[in-house]
């Protein structure tokens, strides 16, 4: 008899909330794309929905449960279906979306949610030549966003200036299934249709480690970084059995562990909690969530339990740790998408005590970024800034997303002027520059709209003159 090893997560149990705590009457997107279709944070749940003509997603304040009115405003600036969404880890009102229209858009959501449809993004990021199926924010640097498209290109953007700063366009010859940042955002790992897992240093633009045929089967794989630097993958065997595996990027020849699961054909989406080292596997089209604990003793990936329900899932959102109820010993909360609704599922460790359980809640990544975008692009690394959840998470004030478009001419002038600037005090120049740029933007906008008005009036005058001429005749 196999002795079950001791683990405080042995008895984690999942529970779906009551019906009135669900979000109902939502037409969940039907696009055939293997993303999770749902993103959540301590304030909002965002869900990609069916939209006629264009692409849209809903953003609901967490407390807005029950039936969602047909006329509820959406975020609807894309001209093609939305394929992926991701909340910014450093600002709970900022969300990025990737779409079939080849663009990435970053949106600022009002503090209390939408009262009108949102059609104007804070910034549009253009650079992909095919649909964009993956967006992922940098875990520790402010305003750094990664996108990956069906052009097999990964672009890393400075959202604060709207510029693509890193373009990885020759590292993948085939479709990219997913991309995952490591804990401090110094590396990414990718799973691709060519059955390779790659570990990439994005700033050096080079592959640090790769594994061919990580899983032999032809169906989609997933690869995510764990906090210790190992890589966890899901995929299919040659016999179409679902597999999971654990790899050490320093020696990729053989996996640390490889397990076969079952013969279902849905892609396994892994959700990882670095604080407890638990991985939750949600198969698209499955009606269960299985969870495993990763440890450094054999067999390394330990099966804990399965949460089962009747309905299959179309997608899944995963709440960051700071959005959980620590008084109820909640260690994970999922937002399961059905065809017409979103149902929260709460994972709890049964404890008798009402006291704060510090072994379940080590300090967790807070919303503060440890680096500015420029510092990261210059080669600096920063670990997540941790916060205690002892008294629950109290949200601070989010700083607004400001996008200062750089003028290309400025860069050329700056290059000539660099030598003069060294002696000048930098800070003062910076703030006045930003103000001037903002002013300039405003003036340019006004000019543009005036020009538009003039053009319209010109057309109108010429139409009226034509009508006059007809009557005169």
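Each residue's number is its place along the chain shown, starting with 1.
Even glycines carry a Cβ here, placed using N, Cα and C.
Summarising the annotation, TrEMBL assigns coiled coil to 433-467. Each residue in the coiled coil (433-467) has a pLDDT score, and their mean in this model is 78.
Residues annotated as domain 'DUF1899' in TrEMBL: 2-66.
Sequence-remote contacts of a segment are chain residues at least 6 beyond its ends whose Cβ falls under 8 Å from one of its Cβ atoms, and for the repeat 'WD' (75-109) they are 29, 31, 33, 35, 37-44, 46, 48, 51, 54-59, 117-126, 128-137, 139, 142, 145, 147, 149, 157, 159, 320, 365, 367-369, 395, 398-401, 403. Look at TrEMBL and you will find 75-109 (among others) tagged as repeat 'WD'.
The repeat 'WD' feature in TrEMBL is assigned to 125-167 (among others). Across the repeat 'WD' (125-167), DSSP classifies residues as 0 helix, 25 strand, 18 coil.
Residues 34, 133-134, 136, 138-141, 144, 146, 148-154, 156, 216, 218, 220-225, 227, 229, 231, 233, 235, 247, 249-250, 252, 274, 376-377, 379, 381-384 of the same chain sit 6 or more residues outside the repeat 'WD' (169-210) yet have a Cβ under 8 Å from a Cβ within it. Annotated repeat 'WD' per TrEMBL: 169-210 (among others), in sequence order.
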Same-chain residues at least 6 beyond the ends of the repeat 'WD' (125-167) whose Cβ lies under 8 Å from its Cβ atoms: 33, 35, 80, 83-90, 96-106, 173-176, 178-181, 183-185, 188, 190, 202-203, 205, 365, 369-377, 381-385, 401-406
Helix, strand and coil residues within the repeat 'WD' (169-210) as assigned by DSSP: 0 helix, 21 strand, 21 coil
